[in-house]
Amino acid sequence: MEPEAGTNRTAVAEFILLGLVQTEEMQSVVFVLLLFAYLVTIGGNLSILAAVLVEPKLHAPMYFFLGNLSVLDVGCITVTVPAMLGRLLSHKSTISYDACLSQLFFFHLLAGMDCFLLTAMAYDRFLAICQPLTYSTRMNQRVQRMLVAASWTCAFTNALTHTIALTTLNFCGPNEVNHFYCDLPQLFQLSCSSTQLSELLLFVAAAFMAVAPLVFISVSYAHVVAAVLQIHSAEGRKKAFSTCGSHLTVVGIFYGTGVFSYMRLGSVESSDKDKGVGVFMTVINPMLNPLIYSLRNTDVQGALCQLLVGKRSLT
């Protein structure tokens with residue numbers, strides 16, 4: 001603690017992250033599980049990215065967005081898990097105020113990018129299935145890059161806004177965060193100044209970055225389902241529903257966990273449920289996305305096989 005009377009600056013120099021478990025025996029188990037999940041996530045997502053880069057058949061808009069999703073998944077799990085593994089190894093549970101802000105910024109940057117990227121992927125499927133004749137012109141490489149660039153810009157603005165707003169709050173103790181990473185709901189509960197403005201910003205951001213994209217995704221897929229049902233070929237319907245079903249599964253898991261985390265700001269204390277949802281958001285989702293979305297795809301599997309046997313090269 002570094003109290004500064006008469007100023008509006010924080011008095012907390014570091015936070016104590018209570019983590020997932022407190023007993024030493026369980027910490028060893030958690031360390032092994034997290035390390036395994038991290039390695040699987042990195043391996044799976046980098047494999048997808050490599051396949052998209054080297055296989056000409058995968059040089060299509062859908063796979064361009066999938067490659068970007070893989071990069072996001074690697075970033076999302078890297079923001080939280082390596083630091084947690086380090087704390088488990090060193091048996092230190094503290095994180096500095098600046099490191100906490102940095103983790104918060106990058107977490108919201110990547111989560112916000114996820115929102116917009118999933119929306120762009122829904123738009124891509126809408127054009128491919130409902131507007132096939134104009135798909136190649138309306139979803140050309142320039143449009144793809146513009147969608148990704150706009151997504152990064154909006155996500156960066158959102159993350160920076162929340163981070164700056166958090167620096168205006170006073171933290172004068174206690175400094176124990178009942179979580180395994182720094183996030184807004186848990187930090188709001190520790191602030192000894194009013195969090196109304198920060199919470200208002202969070203709800204506005206939720207409307208812009210969660211509700212609006214979710215409505216757009218729902219409307220897009222309503223049109224997609226109507227178009228798919230008009231396909232006479234059973235094989236064509238199956239292929240279309242398979243692609244759309246994978247995307248909707250990812251959307252459902254991502255938005256479901258996000259709503260649970262950020263729509264419960266009125267609760268007095270963080271609970272173990274918040275930690276479980278946090279594990280889903282930062283560990284399980286990035287690990288499952290390659291399996292749900294890409295590794296079930298025969299084209300991706302074929303590209304990975306060629307990469308492994310040396311028929312394709314990254315150079």
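Backbone N, Cα and C atoms are what each Cβ position is placed from, and that goes for glycine too.
The topological domain 'Extracellular' annotation in Swiss-Prot covers 1-29, 83-103, 162-199, 265-275. Positions annotated as N-linked glycosylation site by Swiss-Prot: Asn8. What Swiss-Prot records for 30-52, 61-82, 104-123, 144-161, 200-223, 241-264, 276-295 is transmembrane segment. The topological domain 'Cytoplasmic' annotation in Swiss-Prot covers 53-60, 124-143, 224-240, 296-315 and is backed by sequence analysis. Annotated disulfide bond per Swiss-Prot: Cys100-Cys192, in sequence order, evidence recorded as sequence analysis.
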Looking only at the topological domain 'Cytoplasmic' (224-240), report the model's average pLDDT.
81
DSSP-wise, what's the residue breakdown of the topological domain 'Cytoplasmic' (124-143) into helix, strand and coil?
14 helix, 0 strand, 6 coil
Can you tell me which parts of the same chain pack against the topological domain 'Extracellular' (83-103), counting only residues 6+ beyond its ends and a CB-CB cutoff under 8 A?
10, 12-19, 27, 30-31, 34-35, 38, 163, 166-167, 171, 180-182, 187
Secondary structure content of the topological domain 'Cytoplasmic' (224-240), with strand meaning DSSP E or B:
13 helix, 0 strand, 4 coil
Counting Cβ pairs under 8 Å that are 6 or more apart in sequence, does the total for the transmembrane segment (30-52) and the transmembrane segment (276-295) reach three or more?
yes
Give the three-state DSSP assignment (helix, strand or coil) for Cys192 (disulfide bond).
coil
Mind checking which residues reach the topological domain 'Cytoplasmic' (224-240)? Cβ under 8 Å, same chain, six or more beyond either end.
125-126, 129-130
